[in-house]
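Q: These came from TrEMBL, pasted as-is:
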REPEAT    98-131  repeat 'TPR'
DOMAIN    101-209  domain 'EMC2 TPR-like'
REPEAT    166-199  repeat 'TPR'
């Protein structure tokens, strides 16, 4: 299934007169599940139609997959009465199941009753300590309460168990940045770079953190990671190009020109400056009067450092 198929079925649903046909509704929800598309209001609306008019068209297994999908979408869209009715049906069919309890906890979260939500998740973790979704929801509860440190602790427990979850590491890095714990945030980005070495944004964000920490060694390392991001984006990352110039302006030690690697490092700021000027001339010429003084200032800082 593809995004093109999704567009086609959405178009047919929009153009349907009266109640849309069952096969189109079922196909839409299947594609959304498979592609992990987040369009909660639409999923909740079409899911509601499907569950009211066409339950008999679904197998037993898919019927309850749709119930769960629609319940989560309704919660996300803050359609709480509808979500409650779907979750109630799931609870009747699967009393005491982990999924039913998790959905109940998510309902309490959406309703702002974080204590009851936490109680539901802790109940799940008491018997299933490695339950991925319950651990994630505990992080969500603490973030909703504004308890950043508690959210960090909950997320650390999560990545200890699910160490290959890139989203978990990204969220943990963001939380560390919120509390200005840059060294731990840097560690998270190091993990992300190892997991996704082709993702330029991880190099740039790691370099941003090193630049923020500061110091000669960090400026040099940050510059090399900005340079890698420039390489991965074929010179298209403005953030990395500016990052190279900012780092270079802070590096004060003189480098032997005969060393090939050193020559490249010295030439990098000039190359970055020219790349930025080309990009702005092509895509935003009206911004050049603002950008040129910034580039000149960064270039002057770099020149004084050499």
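Glycine too: its Cβ is placed from the backbone N, Cα and C atoms.
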Q: Would you kindly list the residues that approach the repeat 'TPR' (98-131) from elsewhere in its chain, counting only those six or more residues past its ends and only Cβ-Cβ distances under 8 Å?
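A: 68, 71-72, 75, 78, 80, 83-84, 87, 90-91, 137-138, 140-141, 144-145, 161.
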Q: Count the residues of the repeat 'TPR' (166-199) that DSSP assigns to helix (H, G, I), to strand (E, B) and to coil, and report the three numbers in that order.
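A: Helix, strand and coil residues of the repeat 'TPR' (166-199) number 27 helix, 0 strand, 7 coil.
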Q: So, by DSSP, how many helix, strand and coil residues make up the domain 'EMC2 TPR-like' (101-209)?
A: 89 helix, 0 strand, 20 coil
Q: Could you pull the average pLDDT for the domain 'EMC2 TPR-like' (101-209)?
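A: Within the domain 'EMC2 TPR-like' (101-209), the model's average pLDDT equals 95.
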